[in-house]
Amino acid sequence: MLRLLRHARRHSTSSSSSAAAAAVPLTSPAFAVFGANTGVGKTLVSAGLVASLLASPSPSPSTVAYLKPLQTGFPDDSDARFVFDRAPALLRRLRLAGGGASTRLVASNHTLFPSPAVDPLPERQDTVVNYGGEEGVEEKALVCRTVYAWREPVSPHLAAEREGMPVEDEEVRWLVDRWLAEEDGGGEVWKVLETAGGVASPGPSGTLQCDLYRSSRLPAVLVGDGRLGGISSTLSAYETLLLRGYDVGSVILEDRGLSNDRFLLSYLRKRVPVHVLPPIPEDPKDDLTDWFSESSSAFSSLKDSLQSFHSRRVQRLNSMQRKSKYLLWWPFTQHDLVPVDSVTVIDSRFGENFSAYKVKDKTIVPQFDACASWWTQGPDSNLQIELARDMGYAAARYGHVMFPENVHEPALRCAELLLGGVGKDWASRVYFSDNGSTAIEIALKMAFRKYACDHGIIVDSEKDIRSEGSVHFKVLALNGSYHGDTLGAMEAQAPSAYTSFLQQPWYSGRGLFLDPPTVYIKNKSANLSLPPSIMHDQLSSCDTCFSSLTEVFCKTRDTSSAANVYVSYISQQLSQYAMSNNSEHIAALIIEPVIQGAGGMHLIDPLFQRLLVKECKNRKIPVIFDEVFTGFWRLGVESASELLGCFPDISCYAKLMTGGIVPLAATLATEPIFEAFRSDSKLTALLHGHSYTAHPMGCTAAVKAIQWYKDPSTNSNIDLDRMKLKELWDSALVNHLSSLPNVKRVVSLGTLCAIELKAEGSDAGYASLYASSLIRQLREEDNIYARPLGNVIYLMCGPCTTQDSCTRQLAKVHRRLQKLN
């Protein structure tokens, strides 16, 4: 362990330090000691807890490991040395008082990385203490460590700056994770990590310590403040921890005669145990031996409550797989194909990673969320914390308020950002709803009304309807499309597994569905695939093969042979449909711009979609972009319309809009679309909504996420010159993947990298189980939580995910596919 930590700085000097995911065992308890302030007695509590643990009768921990990651004022002040010095003496007293077995304690204390300003350097301390008893000998160990130590007795961020020893957050986290993962031989091990200062005191980089240690999410022991004002600081610290997703196992504080403990016991009842310590002597000459003896019952009670907390936590985690199989009904899941032991138990999330509990091993393991939690997630760990804080504020300020005829700041600000971002230069109105499918239904209603007005189906200012019974509206859409699971949205998509009689017996498919040309990467080049329905005799290799996707998106292709073929095909299909369906009207075009998601992660030729939009606008057919999946930097730009080079009349957004943390959707529209609903009658208004329209929490989250994504000070992936994301997936690795013999195609764009495996017959398509073994290996051995679309596997990150992280995950997939060969 010591050698590992000494070499850690070599391996953990950048964000790539988290490359090797540490499995943290829950076979033994581990807690973090936080303080409501500095000087509240965190180290006294740590020492008392350690001594109580070592003195516990069997079964008791054979080893107690104490870690002080950050120490200032060193070596005059050393909390690890205090624990090392005091715990053995306290154990002797407790043993004399309680009897029991003879004990042999092996204790050590060491500082790993002292600042260059620390002089003289302290030596490692080792001691062996024997305590007599009436029974056999118990072997105990106390391992105390200080990781980073600075000389000046100031906040770590100041000490690091002044003494020239900066430490990155990832370095601290890496070391803590390795310490937690270390198992010291046989027997139970308790681990106690003591933080520095208060809950929100800065670490060496300036990151608050409650944020710095959040990745480990150790249950907290909160040392409260018994002084005047301590009630406020204790509760503030408690709520700060809760807001960041920590569990607080216990609160403990000194009785200073101000009844702080009585108030906290009352306020926190049924939430968390509160333990009270006797007053700490103020005489600096007092060695606190008598105080520790007097406090032994409080520390024993603290130890018992923490043990109970840990046992309840593990018991619940162990039961969740089995219970989920009998209580839950998962979407898009055939339960008979999911063994109980394959259910992923998610303890928490931190940035792009799940903390998954492995029931068999009883460990917590970070898993990269390669599904971006079903395409919604955008936050890194910093944005996650910001969203939690802002949403808490919105919930406390607004709760929920109804929206029609009302306005509140989160909704108004969100609308301003939407119109100035994804809706810039074309949209003027924002219609809020709850999710993507609902946003699509609203968009269809908007488009149909506009079409009816433009084509004389609705006449005069009263919106009288001509020949209502004989008018049938259909959509123009693409095969392979997917627009949601509500009935109206399903009618606007082509027949598929999602719309079959088994899933939607009412489905009729109200549209003309065209076969789209697609683009994919194979053998290091971008290739155009044309469906049989599109004639392509006129096309040469320069029309169907490209050196990169950049060429595919180039607008100079508008005058190419491919453009002529597309225009002819689109015009012919629309004309033929109009001639054969006199009473039916193509009243809207609806497309997923650039990428079809649920249909298999296909990249539709942007030239085809651009010309399709142009033709529909020429025919006064309203155009809907379904950007529920593609919007807000999913494809490397804020809106996929930037890639297409054209604007819709209506567009739908959700998922990434709120950072994925809470459902909210918006349908944006042009002013002419809005005008189609205006009159003196309420019956002509858009009568569609839900109880939580524009709910303040969702709008607040969207305001934060939308601004965060595009700000280079918060998102280092933004290329300011082009206002695009930097390339997140290593192009050389993508090309290597595309050249593997078992890979049919690769699509790499923005935050998405999709890989279709070569498969035939029933091994291909949505129902395929072809990728099951690969997915299992990625989850269980590579710590990547992936979920396939049949024989298509994909990795998806957030707009803020580092390039290093993307490269690591993609390299793991590459290695697996090589072995699969």
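Any Cβ shown, glycine's included, is placed from N, Cα and C.
In Swiss-Prot, the pyridoxal 5'-phosphate site is described by G436, S437, S691, and among D369, D626, D763 the residue recorded at this site is D626. According to Swiss-Prot, W374, W375, Y482, G689, R787 bind (8S)-8-amino-7-oxononanoate; the candidate from K655, K724, K819 that the record adds to this site is K655. Comparing the Cα of T72 (substrate binding site) with the Cα of every entry in G41, W375, Y482, K655, S691, these being the binding-site residues, the smallest distance points to G41. It is W374, among the binding-site residues W374, W375, Y482, whose Cβ has the fewest other Cβ atoms within 10 Å in the structure shown. Comparing C-alpha positions, R787 ((8S)-8-amino-7-oxononanoate binding site) sits nearest to G436 among the binding-site residues T43, E194, A196, G436. Of all the binding-site residues listed (T43, T72, S437, S691), S691 has the fewest other CB atoms within 10 A of its CB. The binding-site residues under consideration are G39, G41, G689. Their Cβ neighbour counts within 10 Å are lowest for G39.
Geometry remark: G436 (pyridoxal 5'-phosphate binding site) versus G39 (ATP binding site), CA distance 51 Å. Under 8 Å, Cβ to Cβ, and six or more positions away along its own chain, E194 (ATP binding site) finds A32, V33, K42, T43, S46, Y66, L67, K68, D79. Taking each Cβ in turn and tallying the other Cβ atoms within 10 Å, the top scorer among the binding-site residues K655, R787 is K655.
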